[in-house]
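Data first, discussion second: the structure below is written as structure tokens.
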Amino acid sequence: MALAALMIALGSLGLHTWQAQAVPILPLGLAPDTFDDTYVGCAEEMEEKAAPLLKEEMAHHALLRESWEAAQETWEDKRRGLTLPPGFKAQNGIAIMVYTNSSNTLYWELNQAVRTGGGSRELYMRHFPFKALHFYLIRALQLLRGSGGCSRGPGEVVFRGVGSLRFEPKRLGDSVRLGQFASSSLDKAVAHRFGNATLFSLTTCFGAPIQAFSVFPKEREVLIPPHEVFLVTRFSQDGAQSLVTLWSYNQTCSHFNCAYLGGEKRRGCVSAPGALGTGDLHMTKRHLQQP
């Protein structure tokens, strides 16, 4: 189990460069151990808690403190000329800058914690070291993308290259989550540069374009949240490379909500639909599986 968690964590490098000699194969699934809080109904209360919580977490994590302070120093220059959605705070922009700075390993550590930190609320409270960063980053994506997913327009077609793992679905038509903050690009060539073990082609309804905030804007990055649900529509192999096509259900699914404020892990994954109803999902699934 520990080895599998490590392998999955390596896959969280996403657009960030990682070359491995041996490429393990892991199945795609719903990532049930992911910490997938969406803070529905408690964002304002979490805003009050997050600022002192961030200070506490930075005091215990030197890299988090250094990364946050470095991004904070450049945020005012970055935000000039940006049109920010209502409610978008400096902390949300700084969180994106911290995540996209691949010159250190903080994004990797965050995604490792996200992928393995959702076993229980107790596990999250005791051992998840990025509670404030997770909140600020999730809220940033929610505010940038807006509510309703694809109800406001078509999803983004993006690409994600992974160099450390070959992901394979169990079968076509499965529902899967990426189970982490997943970096992707509007540019297929960029995705190829960051990994050839697996190439994902995705249509995302909840991923947010973060190019304007990114430390590396030329990557044309779209950041996909851990809780978005996708349908596996195609899978093939090109030599040693897995080619996976995922289509968003326009739906998210979370076991946690407001965990820091007392919300326990729910036994089932609670769905939050966008524009499509259940019947529409079934129709879409049948349509997409046809050749």
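In case you wondered, yes, glycine gets a Cβ from its N, Cα and C as well.
The following features are taken from Swiss-Prot:
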- 1-22: signal peptide (SIGNAL)
- C42-C258: disulfide bond (DISULFID)
- 62-252: domain 'TR mART core' (DOMAIN)
- Y99, R160, Q180, S214: NAD(+) binding site (BINDING)
- N101: N-linked glycosylation site (CARBOHYD)
- R160: active site (ACT_SITE)
- S183: active site (ACT_SITE)
- N196: N-linked glycosylation site (CARBOHYD)
- E221: active site (ACT_SITE)
- N250: N-linked glycosylation site (CARBOHYD)
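Sequence-distant neighbours of N196 (N-linked glycosylation site) (same chain, 6+ residues apart, CB-CB distance under 8 A): G161, G163, A240, Q241. If you take the CA of S214 (NAD(+) binding site) and look 10 A around it, the recorded positions you hit from N101, E221, C258 are N101, E221. Within 10 Å of the C-beta atom of Y99 (NAD(+) binding site) sit 26 other C-beta atoms, taking all shown protein chains into account. Across the domain 'TR mART core' (62-252), the prediction's mean pLDDT works out to 95. Proximity to S183 (active site), defined by a C-alpha to C-alpha distance within 10 angstroms, is shown by the following recorded positions from C42, N101, R160, E221, C258: R160, E221. The secondary structure of Y99 (NAD(+) binding site), as reduced to three states from DSSP, is helical.
Each of the recorded positions N101, Q180, S183, S214 was scored by other CB atoms within 10 A of its CB, and the lowest score goes to N101. With Y99 (NAD(+) binding site) as the anchor, the candidate recorded positions are C42, E221, N250, C258, and the one with the nearest CA is E221. The number of other CB atoms found within 10 A of the CB of N250 (N-linked glycosylation site), across every protein chain shown, is 23. R160 (NAD(+) binding site) sits 10 Å from E221 (active site), taking the CA atoms of both as reference points. For the pair C258 (disulfide bond) and N101 (N-linked glycosylation site), the Cα-Cα distance reads 27 Å.
Residue pair Q180 (NAD(+) binding site) / N250 (N-linked glycosylation site) shows a Cα separation of 17 Å.
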